[in-house]
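Data block below; observations after.
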Amino acid sequence: MLIDRPAATTGDDLLDLFPEGSHLDGRGHLRVGGCSLAEVAERFGTPALVVDETALRNRARDYRDALGRHWPNSQTVFASKSFPCTEVVRTLVEEGLGVDVAGGGELVTALAAGADPEHIVMHGNAKTDEELAMAVAAGVGTVVIDNLRDLERLEKLVTDGRQAVLLRVIPEVDADTHAAMMTGHRGSKFGLTADQAAEAAARVRRSPRLRLDGLHVHVGSQLMETAPFRRAVEAVAALPGLGRHPVYDLGGGLGVRYTYTDRPPTIEEYVKALTDAARDHLPGDARLIVEPGRSLVGPTAVTLYRVVTVKPGGHRPLVAVDGGMADNLEPMLYGQRFEATLVDRVGGGEACDLVGRHCESGDTLIRDVPLSSPRAGDIVAVPATGAYCHSLANNYNGARRPPVVFCRDGEAWEAVRRETYADMLRRDTRAGHPRALPFLLADA
Ligand SMILES: *Cc1c(COP(=O)(O)O)cnc(C)c1O
C-alpha cells in the first residue's frame, strides 16, 4: 500500500531527490542536465522520461571506481531490465560496464546498443530454447544457469569451444524488502538449491562444451542495508561440495532514494561491505561481478506530466495528470512512494493526491504530496523514475508509451520517441478501417 508522506520538506531536500546538478534557474524553474524541464515538456510533450546523461555517467563511474579500488579484479555489469534502451546501454558501455540481459529482447537491445557480446551475461529462470540459441549465436560471454534443464539444453547448442557458465544459487537469505522484490529466499523461483548446484557443478565439469566459471547470487531489489548482501556472500561461500571458483557474481539490489526519509547505503558503502565480506569468505584471487540496475539508473531520470484537471477530492485535492500506471507501475506493484513538484513553482504548497489517467482507483501515483497551487496545464516532475519505469511501461487505456529524452549540458534529444497510435495498431492484423486514418496521420 502507499505510504503516507512521513515528514515536512524543504526545497533543498527536494532537489536532493533529482539528478545531481539539478538546480533552479533565475526564474525559479527546475533544470536537469542544464535543461529547463518546462521547455523539455513543451518541446517533447508529456508524459516524458528525462535522463540526465552526466548523472548517469557519474553513477557508472562511482560503481567502477569503488569496485576498482576495493577489488581491482572486478566488473560492473548493468542489469538492463531496469532501463532497456540503447542510449542508456551505450552510455554505460562507454563507461566500461558489461550488460546483463534476461532473454532475447534485452539481448537484442544490448547488441543494438553496440555492447561487446563477450561482456554480456544472460539470465532467466525460464529461458526458452530460442533464447539460449540466440545467446550462443551472438557469442554471449556468460550464461547463468538457473536450473538443470538450462544445462542440458545449452550443452546441445554449443558446437565449438566451451561456453562459460555461472551457477545461480539460492542463498536462503530473506532480504528486508517488498515480498515481490525478494529473490534469494528459500523457495525462490530463481536458481538452484544447494543440492542441485552441487549436481550442476559436477555435470558442467564433465561437459566438453561448458566451462564452470563460478557462482551467482542475487538477493533482491531496493535493499536499504548492507547486511543481506554480506549474508549472501557468506551463504555462497558455505555451500557444500562446490569448492572455490574463479568468478563470483554477487548480483544487484542496492536501494535508491525515492523519498526524503530514504537513506540507502552509498555505492561506496555498499561496495565496501560487499568486498569486505568477499575478503572474509571468498578466494582472494576471484573475479567479482556486481550487477546493479536500480541504483545505477534510478536517480538519474525524472518523469514529466501535465496536470489535466484538479478536483476537490475527499481528503485532499486530486491532481490528475496525463500519465500514471502505464508509465510508472512501481507504486502499484510495490507500494513505492515517490515525491513530486511543479517545475516552475518548486517545493512547498498544500497536500494533494497525484492521480493518473487510468480507469482504476489504484492508479494513484503519490498520496499526500505537497504541490504549490496546482492548476490544469502545470508541469509536474516526479524524480527517481530511471529504474523499472521505461521497462514496465504499457499501453493500458491506449496510452502511448512516453519518449526517453536525454539531457546534457543544456542540450536535449529524443533517445526513444513517443509511441504513436500507428505503432499501437501495427500488430493488430485486423486494423484497416479508414475512419482511424486522420488520427493516425495527425499523430505520425
Ligand atoms: C534484477 C536483477 C538485478 C538488478 O537488480 P537491481 O535491484 O535493479 O539492482 C541484478 N541481477 C539479477 C540477476 C537480477 O535479476
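Even glycines carry a Cβ here, placed using N, Cα and C.
Those TrEMBL annotations? Automatic predictions, nothing curated.
Values in this document were obtained by computation on a predicted structure and should not be read as measured data.
Record check: TrEMBL places E291, P292, G293, R294, Y388 at the pyridoxal 5'-phosphate site, and the matching candidate among G253, G348, G349 is G253. Taking every protein chain shown into account, E291, E360 are the binding-site residues, and of these the Cβ with the most other Cβ atoms within 10 Å belongs to E291.
When secondary structure is read from DSSP and collapsed to three states, K81 (N6-(pyridoxal phosphate)lysine) falls in the helix class. Neighbour counts of Cβ atoms within 10 Å were compared across the recorded positions K81, R294; the minimum falls on K81. Listed in chain order, the residues near the pyridoxal 5'-phosphate site other than G253, E291, P292, G293, R294, Y388 are A79, S82, S221, G252, L254, S295, L296, A387, each with its Cβ within 8 Å of the site Cβ centroid. Under 6 Å, Cβ to nearest atom of ligand 1: this is the test, and of the binding-site residues G253, P292, Y334, E360, Y388 it is passed by G253, P292. The record assigns G253, E291, P292, G293, R294, Y388 to the pyridoxal 5'-phosphate site; their largest pairwise CA distance measures 15 Å. Rounded to a whole number, the C-alpha distance linking R294 (pyridoxal 5'-phosphate binding site) with K81 (N6-(pyridoxal phosphate)lysine) is 9 angstrom.
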